[in-house]
Amino acid sequence: MTQQNAPKDLPPLSAEQLDRLQAISSDLSNLQLAWASGYLWNKASHSIPIDYTASQQVITVLSASQTGNARRLAVQLYEDLLAAQLSVVIINAGDYKFKQIAQEKWLLIVTSTQGDGDPPEEAIALYKYLFSKKAPVLNNIQFAIFGLGDSSYTYFAKIGKDFDSRLAELGAQRLYDRVDADVDYQEKADIWRREIVKILQTKLVTVNAKQQLSVINNRIEVKNNLYTKEEPFTAHLVVKQKITSRSSKKDIRHLEIDIAGSGLNYQPGDALGVWYENDPVLISEILELLGLTGNELVQVKEKNIPLNEALQKHYELTNNTAEIVKSYAYITRNSSLLALVDDQQQLKQFAFSTPFIDMIQRIPVELHPKQLLTLLRPLMPRLYSIASSQAEVGDEVHLTVSVVRYEIDGKIRTGGASSYLAYRLQESEPIRVFIEHNDNFRLPNNPNTAIIMIGSGTGIAPFRGFMQQREATTAKGKNWLFFGNQHLTDDFLYQVEWQRYIKNGLLNKIDVAWSQDQNKKIYVQDRLLEKGIELWNWIQDGAHIYVCGNANLMARDVEKALVKLIAIHGRMDYEQADEFLSELRIARRFQRDTY
């Protein structure tokens, strides 16, 4: 049957014509591709005259996303511009031909900031290029930036600020002032989108629907899933197991969630978004300290609901921020808090080290319900790397969850989402979820390609999915795992499964690092350097490299180790080795999933 259908999928070009077309298109910028698509379509139709002035005024919407929010906003902007009959292309920053950025005319960037001031994974190559000596003069570009961030971090929305200042330094003109938005960004985003469309309508020629230019290659695929972040699917927890030992300092759980009937599909490398609920015990403690009962009616999303329900399902309670501390200082007029207001560094440090509950416990005050909700940030879903492949587990999603747990003033505090999943959610109970696709962390298209997987702690999760997929599809490519954790006997996550993969030959090599099993701490980056020559040979043979772990610690150290081993065994200086790794990233041979 496959052979009968195959001819329908073949292009109406000879092999020679197809080669020539691919050769030409590979050298074109996104702007040139957009113009060419309109030109060729017009040549084929012979009926609708194309406005060459309009075709050269293509707007590029660039999405630089880490968790999906920037991508969703970029898609919304793209659809707004299409509706306004403007010529527009939308591109994932990881696919963007950034060395031809000088050919852009109208550039709109929606970017997030990863962790404490890093660019999102898909924008690293673009970011490094713009801040390098190779960056071109950009006098012909008009641009606008929307920066997403989280004010609980020191470098709030830093990458949006960096792109904005650097483009201006290179000669580009601001079309509209940069917008920096916190986690509750939607209202600001709606205003920004309207203003951008209004401005561009006054500057550019509109075209009818048939003349609108589009780019098929490098376009973001607009996925219309039945269930989304805004409209999640109600799944059910079917299995929950602790996979660290009783003596481990870590509490890590393996979860299996049933998504039967949802129609949700995912690939290894994707994440599961989880809408969690806050701890009722924590809510009761907060209400008592603030002199509230929880029965007071409050308005949330245009509905009147009890305050207790609002705190359980709609507001963030476990993460404090500098803005919350500042607002609480003004409400309480407490001298110690007011002293922090003018010292941004101390303010952020206090917020980082003092959860909201502990702040109000030390400095209690009676609040009206509306005052309390004005202080708090909206609850946002947590994303967890999926630890399974649908090719093996079908209508299930597996997660590997580490419980955030610490002590303050003699009391145990836990993370909102991790404690919900590990402690409060019971087997067979409902849980609201959605799939967050991550096209920047994908197995090679060629199943014969070797892969190198580097993870620490729960960073092993996506690699479990990778191996399930490779086994289910009988992929022939070699597989090498580097894994690190604290103790061999306590923290070897999914040990039996890795041993089975070694035994059946699917996993060709495994190197582990147990940081606290000896006097001198050993980490995965140390193992990489020990295996440097063999790793270099794998890379030379075309292997893809994957890293999953903490963005500010493990992932940075691993990248430094990779640059070092490339420099040593590739006989390069540091700058050449760093450029080599950047080229691997651009070619999708070096991919990271960091948190």
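Cβ atoms are placed via backbone N, Cα and C, with glycine included.
With helix defined as DSSP H, G or I and strand as E or B, the domain 'Flavodoxin-like' (59-197) counts 58 helix, 31 strand, 50 coil. The domain 'Flavodoxin-like' annotation in Swiss-Prot covers 59-197 and rests on sequence analysis.
Swiss-Prot lists 65-70, 112-115, 148-157 with the feature FMN binding site, giving sequence analysis as the kind of evidence. Remark: F156 (FMN binding site) has T113, G149, D150, D180, D182 as non-local neighbours, by Cβ distance under 8 Å and separation of at least 6 in sequence.
Per Swiss-Prot, domain 'FAD-binding FR-type' is recorded for 230-444.
Taken from Swiss-Prot, the feature FAD binding site applies to T318, F352, 382-385, 400-402, Y406, 415-418, Y595. Mapped onto three states, the DSSP output places A417 (FAD binding site) in helix.
The NADP(+) binding site feature in Swiss-Prot is assigned to S515, Q516, K521, I522, Y523, V524, Q525, D557; the stated evidence is sequence analysis. Within 10 Å of the C-beta of Y523 (NADP(+) binding site) there are 19 other C-beta atoms, taking all protein chains into account. Classification of Y523 (NADP(+) binding site) by DSSP places it in coil, neither helical nor stranded.
Here S402 (FAD binding site) is compared against the binding-site residues G115, K521, I522, and the shortest C-alpha distance is to G115. Largest Cα-to-Cα span within the NADP(+)-binding set S515, Q516, K521, I522, Y523, V524, Q525, D557: 18 Å. For D557 (NADP(+) binding site), the same-chain residues 6+ apart in sequence whose C-beta sits under 8 angstroms from its C-beta are Y523, Q525.
The distance from the Cα of T318 (FAD binding site) to the Cα of Y153 (FMN binding site) comes to 14 Å. Within the set of binding-site residues (S65, T318, T400, S402, Q516), the lowest number of other Cβ atoms found within 10 Å of a Cβ is recorded at Q516.
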